[in-house]
Amino acid sequence: MEVILALAIGVLVGSGVWLMLRPRSYQVIVGLCLLAYGVNLFIFAMGRLYIGAAPIMPKGGFIDPAAYADPLPQSLVLTAIVISFATTALFLVVMIAARGVTGTDHVDGKERNQS
Amino acid sequence: MVAQNLLLMLVLAPFVAAALAATLPAGARNAQCWLAGLSMAVMLLILGMLYPETTQGRSVSGSLDWIGTIGLELTFRMDGFAWLFMVLVAGIGLLVMLYARYYMASDDSFPRLYACLLAFAGAMAGMILSGNIIMLVVFWELTSFASFLLIGYWYRRQDARDGARMSLIVTASGGLCLLVAMVVLGQIAGSYDLETVLKAGPRITGHALYPVVLALFLLGAFTKSAQLPFHFWLPNAMAAPTPVSAYLHSATMVKAGVFVLLRFHPALGGTDAWFQIVTGFGLATMLLGAVNALFKHDLKGLLAYSTISHLGLITALAGIGTPQALIAAVFHIANHAVFKASLFMAAGIIDHETGTRDMRRLSGLARAMPVTAALAIIASAAMAGVPLLNGFLSKEMFFEATYLWNNGSPLDNAAPYIAVLASAFSAAYSLRFIVKVFFGPDAHDLPRQPHEPHGLMRLPVLVLVAICLLIGILPQQVLGGWLQTASLALIGPDLPEFSLKIWHGVNAPFVMSTIAMGLGVLLYLLPRSQIDTGEDSTRLMRRMDVARQYNRSMDILTIRLPRAALRLLSANGLQAQLRAIVLLALAGGWFALRRLDWNVPLPALGPRELVFGLLWLVGAACAIGAAWQAKYHRFAALILMGGAGLVTCATFVWLSAPDLAVTQLLVEIATTALLLLGLRWLPKRDKEIADDRNLRARGRRFRDLLIALGCGTGATAMALAVLLTAPGAAVGDWFLRNAYVEGGGTNVVNVILVDFRAFDTFGEITVLAVVGLTVYALLRRFRPAPESAERPRLQLDDGEQALEAYLFVPAVIMQWLFAPIIALSAYLFFRGHDLPGGGFAAGVTLAVAFLLQYVAANVRWVEARLTVLPMRWMGAGLTTAAMVGAGSWIFGYPFLTAHAQYLDIPLIGKVPFSTAMLFDFGVFSLVLGAIVLMLIAIAHQSLRVASRPAPAPRETGTEAG
């Protein structure tokens, strides 16, 4: 499991970084989304992997933490998901606006050859 | 105890009044004036009640524990000196508040003016009364800040903005120096308590760091009190409204510098360095200020340089430092505040009634406004030091101090001559002010016909001039007692006997005074025509134009240096910049990972791993496919990206994180919808981009591929490195143990979000709100590129009717789904505390419900039937969350402390209820509002474009609320 998840994170991050370095703004958006998946999974994995562990506790009383999934990375990732959604939205709008203003979808606002 | 509370009230009252003033309606000018005046009157009343406690060298103090762990307390302490200064602040404040009511034009913002003036009074009170030297600096900087706001009051004027910025930069940098000085001072003295520091005088002056402390301290005091070479900000601050100049820039704030000089004289003074520097700069400032004032044509410019000169006088007295000199300094602080404030107000009246402050144009005003003229003449006579007026007395004392004290240094020997010369110039400019403005022929080209002002506008001047006369004629009776009290606080029990008298006989100071007066008259009258029509400043002042140096250094610091840094540090274009960041991260990762031992046994692969591996085979294919296709096939890339997202979601389910899965799934939907809406505004990419296949482009891609591969490998290695190590004790265990007991919920993730770490969540929803508003603001004035402005091809071919027919069945289903989705959202929300779900999930779900309606029918149809007010949802959400947080203060708990219990509701049974749930409702409401706002704002773009040919209103209800 660990190896597969690590490889998955690697693929997501690699694809994300590749797209982030591309010149078209849409590529960068998709790249950031993929990168966000990778990073979210990475943060999530920091709490180790629990397969089939109960995420929800019974009511009341003392419980043994070892039997449950680590909630802290989960809540961190939950926050991260929402924030990455917000940044995606913001970047999308910046992209649309920049496209309207500059007439191109190049990240620098101008094509490479017309400096 | 009563005295302590009164003391705290003294500092708090103006701040409270400022908050009230800011909230009063703009038109309530009289109410503003009453509020401000009353708060000043209350301060005076409190001061009157506290006076008995400050006599005989005693002081009142009260303290509030603030940050006890670092020894920071809000200690306030009032002795006789602080008391006298406070009377100036409150008394002149009272008059200024009244004056401002009539000075300001009706279209000026009264709430802003009065709020700033009152806040300034509060900051000043805090500075004067602070018993902790760090807090003293904090309030000191607050006064600089208030001054900045007030100078920039008419912010549409360039000179006001420049003057405000200049004063802030100069005085606030001085304040920073003062802060460092105070920190070192506190370290030397062993305490930040004012009294302890003042008692540690010998230890401080003998310390190796004394020169450093002294230099920094004096930088602070000199910048504030506009001493050379920092005087230039004060004339530029005259862009402020005249009440502000009268209050801040002559009577009180600029006196803060000399206030600390006098206050810290026991701790830092008495050394030769102190004498040479402080007296030297004081005398130089006094002389140059007076010379320059004589040549100013602007009334307020003259008064500003005169203020600089008089501040120089007080500074010189502080430098001399004998008991007599200190008494004279305190006396002159009061005297100068009284006559200069009245002169500023008189100048304001002249400006107000004639429309100009230019002395070249003003003439013969004594006929048009005799009462104001009489008052202004008396006040400027006091400024010149004419007998029977208050200025005369303190000037005599100053002469005596320069004449008497003798340590034989060159400066000391020169002091009396400089003093006489400066006073001569002082007499000269006062005379010029009187003669030029009030006498001579009538001026004919004034912008307005001059006449007497409103009686209440003149009243403050009248009061101040009456005080000038009273002090001048009966000094001992009027001010003697207070001065005694103030000096006692400053100098201590060995205060020499002194008595204020008008006539001391023909002695040295009297002779000096007479020479100065005579010389002053000659100085003005002989070259009169040159002065009246000549240049605005002296050649000397122009040559040492510090303001220009300041501007040049600002230019270098704020424009050239950053630009050079930008050239040096930034890459050309975003890609290079990102590449540098990524490479740096890669290097950091390598640095962290290079020493790890990779010889760990890999876990065996079982059937479970096989399925998981297959799942991620799909996920990886999706991710790589998206990366590959994003350039030419955006839609395919979007779908592939969604595929990778779904696999991520499945992973969350698999690995016992249902909450994450739910949220990820919903956010996935919203993201996809958003990107789909955005796709239409991008340029068509059905032709290949030129030189996409040439060698350089391939080279670039190959390089980036290597980087991406490196990053991917690095991320894998890092994840493995962590995953293959056994976990240590995790914080999560604590949350698991306490979630139910303290948070009252069984869904630990949700409890963490809305209870334990609610403050993070609060910050996060704020981010979301900011993003929503930014999206809305960016799209309000959006203009699409011309080629994407027309309707999409499909719609052009078939028209709207055909489109509706095409989507008929899905549309009906989507409309029917509206209610079930709302129910689902409510369900997710309510079970959130105990089971997967919660405010985020519920908010996104409901937003998706709205989105579906927009997809199902056209925008106009939806908005005719549904009123969505995203702004209100957002506002309500943020407010609810903040209120829930603040509510715990009422019960004496820190911000956002939650309370949980189970309520027994008939029929429904036991329902978990906690304040965290209310907070979660805030989250829900805000998430809903923000997402709907963003989606609608983007969706509306096509509507606006579609209706462009017709002269439809541009903001077609982008936000219905």
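Placement of Cβ uses the backbone N, Cα and C atoms for every residue, glycine included.
Owing to the predicted nature of the structure, the values given are computational and were not obtained by experimental measurement.
According to TrEMBL, the protein carries these features:
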TRANSMEM  B:6-26  transmembrane segment
DOMAIN    B:67-112  domain 'NADH-Ubiquinone oxidoreductase (complex I) chain 5 N-terminal'
TRANSMEM  B:112-129  transmembrane segment
TRANSMEM  B:135-155  transmembrane segment
TRANSMEM  B:167-192  transmembrane segment
TRANSMEM  B:204-223  transmembrane segment
TRANSMEM  B:274-295  transmembrane segment
TRANSMEM  B:302-320  transmembrane segment
TRANSMEM  B:371-394  transmembrane segment
TRANSMEM  B:502-526  transmembrane segment
TRANSMEM  B:568-590  transmembrane segment
TRANSMEM  B:610-628  transmembrane segment
DOMAIN    B:620-684  domain 'MrpA C-terminal/MbhD'
DOMAIN    B:810-932  domain 'Na+/H+ antiporter MnhB subunit-related protein'
TRANSMEM  B:840-861  transmembrane segment
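Using a Cβ-Cβ cut-off under 8 Å and counting only residues 6 or more beyond its ends in the same chain, the transmembrane segment (B:502-526) has close neighbours at 294, 384-388, 392-393, 395-397, 399-400, 403, 416, 419-421, 423-432, 435, 472-473, 475. Mean per-residue pLDDT, taken over the domain 'NADH-Ubiquinone oxidoreductase (complex I) chain 5 N-terminal' (B:67-112), amounts to 88.
Beyond its flanks by at least six residues, the transmembrane segment (B:135-155) meets 72-75, 108, 112-113, 116-117, 119-120, 122-124, 126-127, 161, 163-165, 167-168, 171-172, 175, 178-179, 182, 194, 220, 224, 237, 239-241, 244, 248-249, 253, 256, 260 of its own chain at Cβ-Cβ distances under 8 Å.
Through the fold, the transmembrane segment (B:371-394) approaches residues 306, 310, 328, 331-332, 335-336, 338-340, 342-343, 346-347, 349-350, 365, 423, 426-427, 430-431, 433-434, 437-438, 452-453, 458, 461-462, 464-465, 467-469, 471-473, 475, 500, 502, 513, 516-517, 520 of its own chain, all at least 6 residues removed from its boundaries and within a Cβ separation under 8 Å.
Tertiary proximity for the transmembrane segment (B:204-223) is limited to same-chain residues at least six positions away from its ends with a CB under 8 Å from its CB atoms, namely 137, 140, 170-171, 173-175, 177-182, 184-185, 188-189, 197, 230, 233, 257-258, 260-261, 264, 267-268, 270-271, 273-274, 277-278, 281, 315. Ranked by number of Cβ pairs under 8 Å to the transmembrane segment (B:274-295), the listed stretches B:167-192, B:302-320, B:568-590 are led by B:302-320. A Cβ distance under 8 Å defines the sequence-distant neighbours of the transmembrane segment (B:167-192), meaning residues of its chain 6+ beyond its ends; these are 71-72, 132-134, 136-137, 140-141, 144-145, 147-148, 151, 200, 203-204, 207, 209, 212-214, 216-217, 219-224, 230, 232-234, 236-237, 260, 267-268, 550, 554. Applying DSSP to the domain 'NADH-Ubiquinone oxidoreductase (complex I) chain 5 N-terminal' (B:67-112) sorts its residues as follows: 30 helix, 8 strand, 8 coil.
Break the domain 'MrpA C-terminal/MbhD' (B:620-684) down by DSSP state and the numbers are 53 helix, 0 strand, 12 coil.
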